[in-house]
């Protein structure tokens, strides 16, 4: 019986359809990751929602200088400061682009 089980395992290992199935599964996983990766983008354009988490009260933001341009036309030193402004004003401020706001 163990010899028969080994032969079955060898037959499955040399099955030419096996790599095709693995590639299909990999392709499906990659498509799922790519399509959900853009979940933070606004459907109307390239606006990005800031990652504010469960921010319910004002907090101290890190002193990291990674500027973002908000849809309100203001440049924020980092995404956390945009989140603080969003919470203070109760406006739906999104990120137009990374870096400082450009004059249009």
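Glycine too: its Cβ is placed from the backbone N, Cα and C atoms.
As given in TrEMBL:
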{"type": "DOMAIN", "residues": "46-103", "note": "domain 'Kazal-like'"}
{"type": "SIGNAL", "residues": "1-39", "note": "signal peptide"}
Could you pull the average pLDDT for the domain 'Kazal-like' (46-103)?
-> 91
Of the residues in the domain 'Kazal-like' (46-103), how many are helix, strand and coil by DSSP?
-> 11 helix, 10 strand, 37 coil
